[in-house]
Structures are given as structure tokens and as C-alpha cells.
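Q: Can you read through this structure? Questions will come right after.
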Amino acid sequence: MERIDTTGRLSRLRELMKERNVDVYVIPSEDSHASEYIAGCDARREFISGFSGSAGCAVVTLDKAALATDGRYFNQASKQLDQNWLLLKQGLQDVPTWQEWSAEQSAGGKVVGVDPELITGSIAKKLTEKVKRSGGSDLVPLDENLVDLVWAEARPARPKNPIKVLPEKFSGKDVKTKLKELRQELDRKNSRAFVVSMLDEIAWLFNLRGDDIPYNPVFFSYAIITSDSATLYVDASKLGEETRAYLADNDVCVKPYDIVFDSINTLRSSDTSCQTTSGVSSKRFMISTKASWALKRSLGGDSQVDEVRSPIGDSKAVKNKSEMAGMRACHIRDGAALIEYFAWLEDQLVAKKVKLDEVQAADKLEQLRSKQKDYVGLSFDTISSTGANAAVIHYKPERGACSIIDPTAIYLCDSGAQYLDGTTDTTRTLHFGQPTEAEKLAYTLVLKGNIALDTAIFPKGTTGFAIDCLARQHLWKEGLDYRHGTGHGVGSYLNVHEGPIGIGTRVQFAEVALAPGNVLSIEPGFYEDGSYGIRIENVAMVTEVKTKHSFGDKPYLGFEHVTMVPYCRNLIEPNLLTAEEKAWLNAHHADILQKTKGYFQDDPLTMTWLARETQPL
């Protein structure tokens with residue numbers, strides 16, 4: 001991994017801080033829309049620190065610099081940060097959070113500055129409280145982003161890619177129905193308007209897809225929805241005639257992206273109140289808890305704003321019948337591509353003894369996926385990792401500088417694709433030679449956790465927080481664990497990481513119960529730093545299941561797995577599996593064989609590999 005000398009960049013940033021009387025400057029990862037994955041023009045934290053992981057926050061003082069990130073990226077950050085940076089390993093004992101570290105640095109009446117478009121109102125409030133408790137002066141919102149000024153002309157331009165309509169056969173629900181349901185929520189909340197800032201929520205609401213952020217079919221935009229209007233703020237040059245006509249037919253007004261804050265000021269000053277569709281007078285605005293501090297301030301702050309878990313996000317997370325059918329279908333096609341890839345890779349490495357590096361292998365997988373029906377692109381950077389690289393949880397192989405795949409070591413491939421009918425995310429760990437007993441033990445424990453969660457049945461109202469331990473239990477018995485969540489929501493031809501649901505130990509996963517129609521990943525793992533990494537990831541849908549009893553008159557839920565890729569027989573230790581686990585595995589493999597074999601009628605190499613990997617234990 002490349003390590004960048006950040007000395008000059010930090011020096012220039014500190015000059016700008018001094019000019020503005022700022023002693024501590026916070027640089028979050030997110031863009032103005034709280035996006036997890038961002039466009040190149042918004043990669044400010046990466047530019048200033050050299051750390052390219054998707055999660056983290058940089059904090060710079062006049063003489064120090066710190067980068068905070070979670071356990072997924074400890075290994076990567078330690079390799080990418082230069083001598084100017086302190087790594088704050090979030091979640092470890094006695095390690096301060098970035099907010100705590102920022103507050104500590106503000107002691108003695110110092111000023112903390114931030115771009116208010118890049119943090120939420122709640123984070124701003126908490127940080128302000130911490131700063132003042134530590135003896136700092138205040139948290140100050142700055143009109144200019146100081147990293148942008150350092151970046152100057154080298155900063156990439158904002159993308160202007162075309163926006164297209166997603167046909168209703170894929171979306172399953174028309175725009176007018178979605179707007180009607182959202183307005184009913186405005187009524188229930190007695191809100192004057194909902195200002196929408198999350199890009200995937202806007203794409204879902206209007207059944208549109210774009211290409212402004214790599215791997216995420218979204219576009220830079222805001223939306224304001226009232227009881228009688230819907231306005232989309234977007235660069236109009238991205239809209240073709242068909243998309244313009246479609247929006248007009250759905251009574252959606254289009255205005256320039258850059259004037260959204262002007263429109264908010266006009267809306268605030270136009271009336272002191274308005275009538276909701278139920279006739280109730282309302283003065284308050286509704287925004288998502290993920291909306292920016294700048295947006296909240298422009299709407300009048302706490303006195304005029306209700307911050308809520310987005311009703312659009314809640315609706316989007318519950319897939320309709322068309323979306324669920326699409327997820328099933330695209331995972332079969334995607335599974336076929338992965339099966340062909342793994343058969344090809346084994347043949348190249350073992351039979352033909354070809355030397356392939358990690359990127360060359362990933363390129364082949366992308367080529368195979370691109371042949372599938374309704375393929376659009378990848379859903380994230382493919383993690384193609386051999387040996388010790390597999391222990392880097394979010395490893396990204398670099399073209400021309402990555403490792404040659406070692407057929408005698410573990411190979412981990414975490415990859416996904418965007419299709420018009422759904423989004424995929426699959427991880428498989430393979431070994432093309434003779435794995436060690438330790439590797440087989442770890443793999444089988446991870447597999448047992450995957451099966452335990454896949455087969456779980458739980459009452460309605462259960463959260464992902466409550467069932468996370470099912471995936472970890474077998475590792476825990478051996479004193480092992482992993483430093484990442486067990487599952488995340490998955491969008492329908494949208495972001496591969498989708499809230500508000502998930503499975504993990506974070507408090508946020510205790511806030512929203514799992515519901516039929518939710519689509520999540522199930523991905524336990526184990527990582528031996530410097531040696532190997534193991535992860536097994538499937539995508540599954542929450543469905544209602546029939547039980548003999550119904551305690552508390554509650555329906556009971558379970559999972560339907562949609563990923564159709566075999567597990568690595570070479571890494572399974574059968575003696576560690578129960579009879580029930582073996583039966584589940586055999587049935588699942590038979591299902592995979594039945595649903596994918598039709599793709600390989602003229603491909604004996606792949607068919608032979610598939611038959612071998614799916615034969616009963």
C-alpha cells in the first residue's frame with residue numbers, strides 16, 4: 001500500500017487554520033450527504049491523511065495530527081499513515097474517540113473548526129459539549145472547507161453523469177405512491193416539509209439511478225417534499241428528455257442543486273406556518289438524523305427542526321415483491337459468474353501453474369460478471385487477497401503493486417455487482433492446496449456461525465443486535481472473534497451498505513427491529529494478522545416463517561438465503577459439524593447446483609468444479 005508524505009499538505013492546512021483563528025480542525029470522511037462511499041472530489045480525509053479506508057475521521061491541530069478508524073482498518077491505516085499521524089484505534093480500551101481527542105486538544109480556550117456540511121447536527125452538539133467540558137472555546141462552523149483550499153486546482157471536478165429512470169418492473173412501486181406514503185408520514189409527524197439529503201433515499205423515492213459515486217448508482221441532489229409539492233434539486237445537465245418528461249409526469253419540479261439553501265431560506269420566510277393535508281397548522285421541518293449541521297442550521301435549528309430516523313430509509317429497507325424477486329434472480333446470475341471464476345482460477349493456478357496477481361484475477365471476475373443479464377457494474381472494489389493480505393479486512397489490491405496469488409495459501413474474495421434487478425455482495429474463502437489444521441478449524445468455526453444465523457428463527461421485534469452473538473458463538477468458545485459487524489443492509493440496485501438495519505454489536509443495530517422484506521448480509525470471519533483471513537458472506541432476506549406455536553401472538557421470522565455460491569470443501573473439517581449442520585450444507589449445495597448448472601451446459605471445466613464442490617459431505 002502506498003504511503004504518502006503529508007508534511008506539505010499539513011503545513012498549508014495549518015497556515016489556513018492560523019489565518020482563521022482555528023486551533024483544531026476536524027476532517028470527516030463523509031460528503032455533504034453523509035455518504036459512506038464518496039466521489040473523488042469529496043475524499044478530503046484521504047487527501048490530507050493518505051489513509052484510503054472508507055471509515056474514519058482526521059483531526060489536525062497546529063502541531064499534531066490524528067486519524068481515528070475502526071477495527072476493519074487498523075492494519076491498513078498502520079501501513080498508509082506516515083510519521084505525521086497518530087492512529088486512534090476506535091473501540092480499544094483506553095483509546096479516545098476522535099471527539100474526545102479533539103476536545104482534549106481544545107483545552108485552554110482553543111477553537112475547534114469544522115465544515116458544517118460534513119457532520120450531523122447531533123455530532124456537532126455532542127462535540128460542542130465535549131469541547132466546553134474540556135475547557136475549550138467552542139465548535140465553529142466554517143464557511144470554507146480548508147482541505148479544499150489546500151487541494152486547490154488538483155481537486156477532482158464534481159461528476160456530471162446522466163440520470164436514468166428505473167423501470168417499475170424493477171422498482172415495484174411508482175413515484176406517486178411513494179410520495180403519497182411519505183406525505184402521510186408528514187401528516188403523522190405534523191411536519192411542514194421533509195428536506196431529503198441522503199442520496200440513496202432520493203434515488204429510491206423518485207425511481208432514478210445515477211453514477212456520481214463509484215459503485216453506488218446515486219446522483220448529487222437534495223429534495224424538498226411538502227403536502228402539495230415535490231422539488232428535486234439536481235444539476236439539470238444530467239437529465240435527458242425522457243427523464244425530464246418522467247419527472248414532469250410525476251409532478252416533480254426540478255431546480256438547480258446549488259440553490260437548495262436559498263430555497264430553504266425562501267421557504268422559511270414565506271409563511272410562519274402551513275397546512276398539512278390533514279388540516280393541521282405546522283411550522284416545523286423534518287430532516288433525517290443523518291442530515292448535515294449546515295442543513296439543520298439553515299432550517300432554523302432545534303426550534304424549527306425535527307430530526308428523525310428517515311421514513312424513506314425505513315421504507316426502502318423493506319423490499320417489495322418485485323425487489324425481492326429481483327434479488328433472488330440477480331444472485332443466481334451473480335453466483336454463476338462467481339462459480340465460473342473460481343473454477344477458472346483453480347485451473348489457472350493449479351493445473352496450468354499460471355502466475356496471476358490479485359488485480360488480474362479480479363479483472364477476470366469483472367469480465368465474467370459483465371456477461372450476465374442486466375449487469376450495470378461492480379457494487380464495490382473487489383477484495384481479491386492472497387495469504388496475509390486476506391487478514392486486512394478491507395484490503396484493496398493496487399494494480400501493478402499487488403501480490404501474486406499463492407495457490408498454497410488462503411485466497412479471500414469479497415465482491416459484488418449492481419444489476420438492474422438487485423445488488424449483490426458475496427465473500428468466499430478458498431484454498432487450492434493443503435490448508436493447515438488451524439486454517440480448517442477457523443474456517444469451519446466461521447461456517448458454523450454462518451449456518452447458525454442463517455437457520456435462526458426469532459420473534460417479530462428482534463433486532464440485529466440481539467442475534468449477532470449467534471454468528472460469533474463458535475468462535476467465542478475457542479477464544480476467537482472478529483472486529484467488524486456481522487451483517488449490513490443491502491440495497492436493491494442501490495448502495496451495497498444500506499441502513500437502518502444491520503447485525504452487529506453497535507448500539508445502532510438495537511434501534512430497528514428486523515422485518516420481512518429486509519435484505520442483509522451474513523458475514524462472520526476470523527483474521528490472523530500477518531498470516532491469513534477468513535470470511536464467509538451470504539446475502540439473505542428476512543421472511544415470516546411458520547412455527548408450531550406463536551408465543552405472545554407474535555409472528556416469527558427467519559432468513560431466506562439468496563447467495564448461490566458453494567463453500568470451500570477443502571477448508572471444511574466435517575468432524576466439527578453436527579448432523580443438522582451437514583444436512584443444511586448438503587441441502588444448500590444441492591439448491592446451488594440445481595439453480596446454476598444450466599449456465600454451464602457447454603462449460604465442462606466449470607461444471608466439473610461445481611459438481612465436486614456441491615457433492616454431499
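Every residue gets a Cβ built from N, Cα and C, even glycine.
Here the structure is a predicted model, which means the values were calculated and not measured.
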Q: Of the residues Asp406, Asp425, Asp529, only one is listed by Swiss-Prot in the Mn(2+) 2 site with Asp414, Glu537. Which is it?
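A: Site partner of Asp414, Glu537 for Mn(2+) 2, according to Swiss-Prot: Asp425.
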Q: Given that Swiss-Prot annotates Asp425, Glu537 as binding Mn(2+) 1, state which candidate in Glu439, Glu511, Glu523, Glu560 belongs to that site as well.
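A: Answer per Swiss-Prot: Glu523.
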Q: Find the shortest Cα-Cα separation between Glu523 (Mn(2+) 1 binding site) and the binding-site residues Asp414, Asp425, Glu537, and name the residue that gives it.
A: Glu537
Q: Do any residues at least six apart in sequence from Asp425 (Mn(2+) 2 binding site), in the same chain, have a Cβ closer than 8 Å to its Cβ, and if so which, in order?
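A: Same-chain residues close to Asp425 (Mn(2+) 2 binding site) (Cβ under 8 Å, separated by 6 or more) are Ser379, Phe380, Asp414, Ser415, Gly416, Val490, Val496, Ser521, Glu537, Val539.
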Q: Around Glu523 (Mn(2+) 1 binding site), how many other CB atoms lie within 10 A of its CB?
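A: I count 26 other Cβ atoms within 10 Å of it.
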